[in-house]
Amino acid sequence: MASGEHSPGSGAARRPLHSAQAVDVASASNFRAFELLHLHLDLRAEFGPPGPGAGSRGLSGTAVLDLRCLEPEGAAELRLDSHPCLEVTAAALRRERPGSEEPPAEPVSFYTQPFSHYGQALCVSFPQPCRAAERLQVLLTYRVGEGPGVCWLAPEQTAGKKKPFVYTQGQAVLNRAFFPCFDTPAVKYKYSALIEVPDGFTAVMSASTWEKRGPNKFFFQMCQPIPSYLIALAIGDLVSAEVGPRSRVWAEPCLIDAAKEEYNGVIEEFLATGEKLFGPYVWGRYDLLFMPPSFPFGGMENPCLTFVTPCLLAGDRSLADVIIHEISHSWFGNLVTNANWGEFWLNEGFTMYAQRRISTILFGAAYTCLEAATGRALLRQHMDITGEENPLNKLRVKIEPGVDPDDTYNETPYEKGFCFVSYLAHLVGDQDQFDSFLKAYVHEFKFRSILADDFLDFYLEYFPELKKKRVDIIPGFEFDRWLNTPGWPPYLPDLSPGDSLMKPAEELAQLWAAEELDMKAIEAVAISPWKTYQLVYFLDKILQKSPLPPGNVKKLGDTYPSISNARNAELRLRWGQIVLKNDHQEDFWKVKEFLHNQGKQKYTLPLYHAMMGGSEVAQTLAKETFASTASQLHSNVVNYVQQIVAPKGS
């Protein structure tokens, strides 16, 4: 349903929201002046050389916006978010005329206005102002080539190395460089698209329906309203395989068998557990697209079609639970959304909590607490580096005009957000009751965008006895302090159920750090039943104790080939870091191979830091590896690695 149209049974007289008054300093648009009922994209993709000029790679076509004027006084222009890389060549306006079936679209004037380094305003002028509640249609003809929202990959950046690939990444404010829009999470709308591709290519989108129309055209429709940042497109040499009653995997042909094997049958279990906890899964399908190895992120929760790194193909299903995080966004983030990027914790803190609830049910409390302990360690690391008092270490971040919301991204909304949701559950004191509350919260605010105030008002209404106790102003734990004071969370959930997994890992790491190895004691510990996060925890402890006494790392690798020869990316990263910290040169080739196989930022940068902080041989390895892999990395990652390998001024 478009924003403003409410389905029966979803609290028909819906509460007024604090978010209705909220500003979004990251949008140049006049999104409060219009309701966006529908967007249609009709685009043709061309794979040519990069750069301007005839025949260069690009997407070209039209964007059609169906709008209703919300201004009581009417409006004389529409202002949209756009970007200098988006070349708009024509604008037309179609207005309702009494008795006319479909009035013709008439050309209208338009101009751009500077806004910030990440976008500009596109202003469409109406010859006569539109009236309050009037419906109108704006048609924009445009082309986009090189830019931050549309990522073009050469064949060598893909897994198959044969054909080029293109994908879009919208979060947080990049879709204004893909199509002109209200680029704010405050606005939700339905969309459709018709995408024309060259021979031998397939298009996929974050949409509820995917339909082939002729040999080279694909039609998509999203039946639920979503914010602009969740519209996503990918075009490449793609095939699919069913892995569940409402799920399929998409990948390049050379990856499809591995993807099917890894995810066959498991996604449905995650979805069904989420539905039991948080209510119906409203998006119809849940498909996964395995991106080319140069995709710099772990996952992006585009509805109906999550984009994920091929690093999740571990060969032993050990990283399948990473998908639980993206699935949890189906309720928290995609269904109930932060109204601006300063409230990002509403998307991510709740998603971390939901992920860990699903994980507790499927894998047990000990395992989930161990995973949460690794998350807490990341938060500690982040706060140690930035300083606790850094204003980014608040849940409610004040984003100043001109600041790209992406530049405020860090662990705080995830892990401090998780702690706040855990604290609210702790106040309730009963897990079943809090689960029921979360289901009610999703139902209350589905398809809407909210602020923390909307959520907290609802929480205190739902639990009147807590409201009566004034739990919002308990000294040291005030809701206001949680939101607006930087620093370490005032409350930490108890992770002691994880001790049964953490203690043995710590004790084993201690044995391996000894000058004289006690192989009898070491061999008495069977690590074959350990799950991934227990091994990760063990390797993190080894890394902290490194460099180990001479010969110990070689012996460690020989004793546990399942670690030193792992296919699992989380283990490969840590084994690489250990090898470099201990200058264990006979395994340096494994570091090089891992960096040749993938380009995920989270794995790539720490290994370059470790190489440049290591021996001369390690530093040479860094320079050689970068020289031979730079062409297959994402441009942002190239810039970051460049700064590590050859810092400016060195």
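For all residues, glycine too, the Cβ spot is worked out from N, Cα and C.
Of the candidates Lys439, Lys446, Lys520, Lys623, Swiss-Prot records N6-acetyllysine for Lys446; the remaining residues carry no such annotation there, which does not rule it out for them. According to Swiss-Prot, His325, His329 bind Zn(2+); the candidate from Glu343, Glu348 that the record adds to this site is Glu348.
When Ser7, Ser546 are compared in Swiss-Prot, the phosphoserine annotation sits on Ser7. Reported as a whole number, the C-alpha separation between Glu301 (substrate binding site) and Tyr414 (site 'Transition state stabilizer') equals 15 Å. In the three-state DSSP reading, Met300 (substrate binding site) counts as strand. Checked against Glu348 (Zn(2+) binding site) by C-alpha proximity, the recorded positions Met300, Asn302, Tyr414 yield Tyr414 as the nearest.
His329 (Zn(2+) binding site) has its Cα within 10 Å of the Cα of none of the recorded positions Gly298, Gly299, Tyr414, Lys446. According to DSSP, Lys446 (N6-acetyllysine) sits in a coil region rather than a helix or strand. Annotation: Glu326 are the recorded positions among Glu326, Tyr414, Lys446 whose CA atoms are within 10 angstroms of the CA of Met300 (substrate binding site). Taking the Cα atom of each, Gly298 (substrate binding site) and Tyr414 (site 'Transition state stabilizer') are about 15 angstrom apart. For Asn302 (substrate binding site), the count of additional Cβ atoms within 10 Å of its Cβ stands at 28 [all protein chains shown].
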